[in-house]
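All remarks here apply to the structure that follows.
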């Protein structure tokens, strides 16, 4: 026996058979051990051959295991020594002769199996005969498997049934009803059929953006081939999808990948046009299997493609086609491009209507038609970085999954009731141990309350179970209906018209009627929602994008109508600005905003400290309940010409290309937010050129060529231009003249095309002395919040309020000096008192003003007088 004459798999099986004999304690290495490992093989080559030869591989395996169990076992010193049985030596000899006779260079698995069946004296041969296997039938099965090929390499078995291993039969999947229906796309399917019908270079490649339905077109072609809805040249063809991952996986040695691919191509060529090969992600062919000196997959395909022996359909994206396929001109010319564009909104609605039944059956919930329309329109508007119909299908799928999860979960009403029952039962057990009259009286009341709750809970549980069962019944009926429709289609193809008639006019209408009855009995007051509606779709969109597109609740409508009042509580004395921002938000939430522009773009002009940035923070807190939920870009960081790249990302070839831009990345991650460009006049003029597209079209292309959507953002720019005019404006003077002076400066600094795109330019007036009291209240509310954890309560009387307002008012600097006054006059003394222990946690501190100083609980603090800075330590430190 020359081991080198055996293929790698046969060597592996012989080694496994020897290990089995040693493990079982058998002294002889018999043909039974070989038969056992051959039948245990996960790929099932030997088992498949036995079944094809008319035998029963499972029965033979069971009989082999029983025979091995009866073999004598050796333990002790003689264990572990295995001798070759004469029958095994005969089997190896017969296998080598059979291989030589067939012209094989190597002994393969099937030759070894044939040798076992030829030896009628061995127990393995007798078991094969009893199992219905004859050498003649087995030889015929081997020849059918080999298709005239000889074993010329140590991995020859990899070439057997290559298409079964490395491809998926789409026509069979269509026959089994595993493919989703394909709606529309008639033009693309017709163009694909036209290219396939050519004499040479009959290989279409479907090129389109990800998610537009390239693979679906091929599945549609498989369904058409199955239904005979194709020209004569394509009738009865098989459409197989090549699995590149399976081809490459496990190919350890050089040449193994090429051998597998060549085996696939040989089978396709041998079919003489009967097989069309579909290669999804076709760009993976270029460079696949490439190693030093080896050919890649695309070079192996080229000759067969050029001769027209290989019918092939490719599919890839525009970017990948340009990057990989177009560079290889010899490969590109062998394929005929078929461009697949994104379907229109109307076409996508039709596609979703065709898929609806499959998704209803899978999730066990009903999907309303309004939900399908909402999925298409909302995904088209708000999910801009993906393509129809993929994003609309994903929306429908997730909304249905979310509803199904709610149906399977206990309703909130029942859940809270059950939790209350558990709480009362714990209390009941505790009261049972008490003997005082009060506890006994409470126990009687509690038991009555508990009995009532348990009765209500039982009724609700029963009602919930009934509703769940109804949905479950509908799902089962829909699954049954789907199976019957597949059976009907197959019966019509086979010409079994009697069975087709029974199904079409009997069982199918009967099931449809039952489903209609269940759905007609929907209860408006049901505990669980039974259908996916447009609002469910809107909720999913809101989760994905952060854009509040779901239906406004009454509370939110009320909140929007009172927006000025809410923002006015934080921003004092700037009603014009607050009103302009509020109307923009209301317009957007009511759906009256131009869908191709940002929600609003404002330029806030005014002196420092009057509330420009504060209004933006208040707006972010109002919209998102978090004042940090905004992109704040300090434009003083963008004073150089090259700093524009930091906003949108560096172009290709520059350092930081992969990192993305400050502005574009923030909006891509969170499309619904406030964007604040602080101190915009300090930026380089070229920065404004970048903003032109954002303000006008609501979009911006970043350094990597991706389009970022700004249509759901609110853009605020702040500037101090012309603030000196506003500061020096006498009280009561007409603001019109001052506005004209300020606008003159703005026009001199910014270009007309930039200013023309801003929705509103709003002037912030300097703060009046009368408004300082309200600002004191706002600042004090923040200080009180800081002391909440210590339970220290501050009580500020009117005198102290007026004192702080007087000291903190400065027309040139707005409200910021007030913050410093509160810090020095209130926070600093208070901090000392807390550290000294004169103010403890939970204390009440009354703050007043007497004799021109603030008092704390009637006493002036050490630091009541604010000393001017002289460069020397304060007097109190010298005392």
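Each Cβ is built from the backbone N, Cα and C atoms, and glycine gets one as well.
Taken from Swiss-Prot, the feature domain 'Clp R' applies to 3-148.
The annotation region 'Repeat 1' is assigned in Swiss-Prot to 6-71. Taking DSSP states H, G and I as helix and E and B as strand, the region 'Repeat 1' (6-71) has 49 helix, 3 strand, 14 coil.
The region 'Repeat 2' annotation in Swiss-Prot covers 84-148. Taken residue by residue, the region 'Repeat 2' (84-148) breaks down under DSSP into 47 helix, 2 strand, 16 coil.
Residues annotated as region 'NBD1' in Swiss-Prot, with similarity to another entry given as evidence: 161-342.
In the structure as shown, the Cβ atom of residue 215 (ATP 1 binding site) sits within 10 Å of 15 other Cβ atoms. Sequence annotations record features per position, and here Swiss-Prot assigns ATP 1 binding site to 208, 209, 210, 211, 212, 213, 214, 215 based on similarity to another entry.
Annotation source Swiss-Prot lists region 'Linker' at 343-546, citing similarity to another entry.
Per Swiss-Prot, coiled coil is recorded for 393-525, and the stated evidence type is similarity to another entry. In the predicted model, the coiled coil (393-525) shows an average pLDDT of 76.
What Swiss-Prot records for 556-766 is region 'NBD2', and it gives similarity to another entry as the kind of evidence.
Feature annotation from Swiss-Prot assigns ATP 2 binding site to 606, 607, 608, 609, 610, 611, 612, 613; the stated evidence is similarity to another entry. Of all the Cβ atoms in the protein chains shown, 24 others lie within 10 Å of the Cβ of residue 611 (ATP 2 binding site). In the three-state DSSP classification, residue 611 (ATP 2 binding site) falls within coil.
Residues or ranges marked as region 'C-terminal' by Swiss-Prot on the basis of similarity to another entry: 767-879.
Positions annotated as region 'Disordered' by Swiss-Prot: 858-879.
You'll find the Cα of residue 606 (ATP 2 binding site) roughly 48 Å from the Cα of residue 209 (ATP 1 binding site). Counting every protein chain shown, 17 other Cβ atoms lie within 10 Å of the Cβ of residue 211 (ATP 1 binding site).
Sorted by the number of other CB atoms within 10 A, the binding-site residues 210, 213 start with 210, the lowest. For residue 211 (ATP 1 binding site), the spatially nearest entry among the binding-site residues 607, 609, 610, 611, 612 is 612, judged by CA separation. Ranking the binding-site residues 210, 212, 214 by the distance of their Cα atoms from the Cα of residue 608 (ATP 2 binding site) places 210 first. Put simply, 612 is the one of the binding-site residues 609, 610, 612 whose Cα lies nearest to the Cα of residue 215 (ATP 1 binding site). Distance noted between the C-alpha atoms of residue 210 (ATP 1 binding site) and residue 609 (ATP 2 binding site) is 50 Å. Considering only the binding-site residues 607, 610, 611, residue 213 (ATP 1 binding site) has 611 as its nearest partner by CA-CA distance. Here the CA atom of residue 209 (ATP 1 binding site) lies 50 Å from the CA atom of residue 610 (ATP 2 binding site).
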